[in-house]
Amino acid sequence: NQVLEMFDHAYSNYMEHAYPADELMPLTCRGRVRGQEPSRGDVDDALGKFSLTLIDTLDTLVVLNKTKEFEEAVKKVIKDVNLDNDIVVSVFETNIRVLGGLLGGHSVAIMLKEKGDFMQWYNGELLHMAKELGYKLLPAFNTTSGLPYPRVNLKFGVRHPEARTGTETDTCTACAGTLILEFAALSRFTGTSIFEEYARKALDFIWEKRQRSSNLVGVTINIHTGDWVRKDSGVGAGIDSYYEYLLKAYVLLGDDSFLERFNTHYDAIMRYISQPPLLLDVHIHKPMLNARTWMDSLLAFFPGLQVLKGDIRPAIETHEMLYQVIKKHNFLPEAFTTDFRVHWAQHPLRPEFAESTYFLYKATGDPYYLEVGKTLIENLNKYARVPCGFAAMKDVRTGSHEDRMDSFFLAEMFKYLYLLFADKEDMIFDIEDYIFTTEAHLLPLWLSTTNQTISKKNTTTEYTELDDSNFDWTCPNTQILFPNDPMFAQSIREPLKNVVDKSCPRGISRVEESLGSGPKPPLRARDFMASNPEHLEILKKMGVSLIHLKDGRVQLVQHAVQAASSLDAEDGLRFMQEMIELSSQQQKEQQLPPRAVQIVSHPFFGRVVLTAGPAQFGMDLSKHKAGTRGFVATIKPYNGCSEITNPEAVKEKIALMQRGQCMFAEKARNIQKAGAIGGIVIDDNEGSSSDTAPLFQMAGDGKNTDDITIPMLFLFNKEGNIILDAIQEYEAVEVLLSDKAKDRDLEMENMDQKLPESDSNKQNSEEAISASQDVGAVSEEPEDDSDVTDPGSFPPADADSDSVSISNQDSYIPGSDEAGASEPACTQGDHQPQEQKTETESDSKVNWDSKVQPMESILADWNEDIEAFEMMEKDEL
């Protein structure tokens, strides 16, 4: 009943606010019409001005026993939908969503007509539209290979001068290999064999081009030459439904060659890609080498396919791992790392996990999967539901929404959730008479014996010698999968129940085993802290040596021969590769400009300007031109990692604290609670300076930081000591935090020179009162949302860090900075490194005059800088 109510909420809002547009925009309560909204790139290729969501939802209405609504919807499609639009669409998306939707609608329409209560007027209109669309897709197959172009113009085809497409050279494997069910069904329904022939030719070509030694296929292929463009291979985005359609083509069409191919690929997948409970991409030519350290959410369909194959154990394992990720983030992020951190934070309400949950429940009968389904329903209602439908998640960490409700949400999500909870009496037809396409459209199994115009020539054995001894030629009987053991599925899940929260998906690290520290996760590059003795010991075992640079960073070099064993050397190489990857990533990440800390009190009067690192949270000083002005106060405890014990000294002042021991955001929250109007974090690396070190950027803690409203800046050790020394000498030190230095307070400076010393002290006191009032006015300005940095606008980062530069054997990466948090790798939030490096102008550095800094001090600084550069040059050599 809950699923029905949720479906009604989504469907009625689409019909009321969006139809006849392709999709509903649930935040603005209007339809998404291509060309009228800002382009979203390839995502928009699914939109063809053909009421996509309504067509995609047709057979869902019948599954949910909404036959009257189905009848009305079919009439609307027949009357309103035009397939002859001058618009370029994705061949893949149009096939699975529109052609599949029309065929699924036709399948259930003739079933209802046969039952005699509904659709008595229906005369195959949806099938006629499907055939028209099929002919509009055929020009895409005009290639020598038989692989279709990725896009086609519905009105002009591919090569027509007005088509605006046909120049592409590459397509994804799934794009070319996910046609056979719809095209064969169209041929079987209509008796026109050309559609099935084209789809078979494309499948045959991909099979022929598979990598022969590994039996894997790549992600993208050249449609003219058949060369692999992207040579990584997995079961997620770009390949997923190719494997699905090989097995389902055997089920629907009964052609042995499809099963042979699927079993050959499946054997390779389980040999190379499956690393239970993970499914990791590999290189097709070197399948023992992982191609990446993260997984995408589309692989969530694979446990369901494994159930169809009859391989239940790995299906349970992978599904459980995915469920643990969902419990951590409420939804499955678009991509997540092998230690379950967020890699891509979006979630467009994808249905693949619900699909696998349904199939596992069908196979096991385990009520656990009903609880999983309940969790999915609760999360959708709690986090995605909005007044005009359900909105995709822009960031699963912050809960922010995107103005998007894809058609597959209505086509698949509610279908699988309803079927998960439905009893047989809740259904008006037998779902077992149909097979699901990749878009969950229903095709009747009786098509296998209808209009067989294709000769069942076995093309598979032309290319390979197959060992069929391990291959079952019949679908498994679920009744014998779990003989007398209702706890079978639970016994497989049990070891994985804490895989996300308490351990990494790998056995005891060899290094940590040798240290006798028990089962801990392996040391990951992003968690490394140069100040952690245990980390240094682990590096030593892995053959990684560490050199401290004078600017506070460290350089890492690995020599495999110095590792404790070959296995430890392998761990070290993996660690270094991660470091290099992170270093490369940091160069691409968004940079904020440096900020300024200006000492405005006596005797400085704004002459001393210190270069400060910005924060990705709190008040955005670039939008508050006046900045924040106030007297500074040192907090207790100095690290700011717990409740401030001297709030009376901090209230209405700018708090000074030391870097380290906790997240920057945590420090900010603690001083804000104590009444501070701003904060300055001083580096704990002795001698570090903005003169020689890259700009340091403070990041959030991976959570929503909207609650932090005060400005936070970072000073390196040398600049921080200037303020600390001023406090020692003058006690009351007032500073201005701003995006750039302000003009000096000449009026104050002149008054100071004229006043006798006693009057000057009195004046200082008055200045303090005046400044306090000024600051109060600034802090009480109303702040709208634009004044607070949006956490979703920056990549997540660790909020306290040790800088690291990396050398792998003979290679050196200058200036790479690595963030490391104080929590263990698998228990902390989804933080990623975020220190930045920018060019700073010379005038943004400290400005002195002879009264403030004597010549001896300047010369000493120069000598220190020269020594630092000489040391860096030596280290680089």
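Numbering starts at 1 and runs along the chain as it is shown here.
Every residue gets a Cβ built from N, Cα and C, even glycine.
Heads up, TrEMBL stuff is auto-annotated, nobody curated it.
Neighbour density for Glu93 (active site, proton donor): within 10 A of its CB lie 23 other CB atoms from the protein chains shown. What TrEMBL records for Glu93 (among others) is active site, proton donor.
Sequence-distant contacts of Asp240 (active site), defined by Cβ-Cβ distance under 8 angstroms and a gap of at least six in the same chain, are Ala174, Leu298, Leu299, Phe301, Phe302, Thr438. The feature active site is assigned by TrEMBL to Asp240 (among others).
The active site, proton donor feature in TrEMBL is assigned to Glu334 (among others). Around Glu334 (active site, proton donor), the C-beta neighbours below 8 angstroms that are at least 6 residues distant in the chain are Asp296, Ser297, His343, Trp344, Ala345, Gln346, His347, Pro348.
Contacts of Glu352 (active site) defined by a Cβ separation under 8 A and a same-chain sequence distance of 6+ are given as Ser297, Leu298, Leu299, Ala300, Phe301, Gly304, in order along the sequence. What TrEMBL records for Glu352 (among others) is active site.
Summarising the environment of Thr438 (Ca(2+) binding site), the number of other Cβ atoms within 10 Å of its Cβ, over all protein chains shown, is 25. For Thr438, the entry in TrEMBL reads Ca(2+) binding site.
The feature domain 'PA' is assigned by TrEMBL to 635-722.
TrEMBL lists 752-849 with the feature region 'Disordered'.
Look at TrEMBL and you will find 761-773 (among others) tagged as compositional bias 'Polar residues'.
Marked as compositional bias 'Polar residues' by TrEMBL: 802-811 (among others).
The compositional bias 'Basic and acidic residues' annotation in TrEMBL covers 832-848.
Note on the domain 'PA' (635-722): its mean pLDDT in the predicted model is 89. Residue counts for the domain 'PA' (635-722) under DSSP (helix as H, G, I; strand as E, B; rest coil) come to 20 helix, 15 strand, 53 coil.
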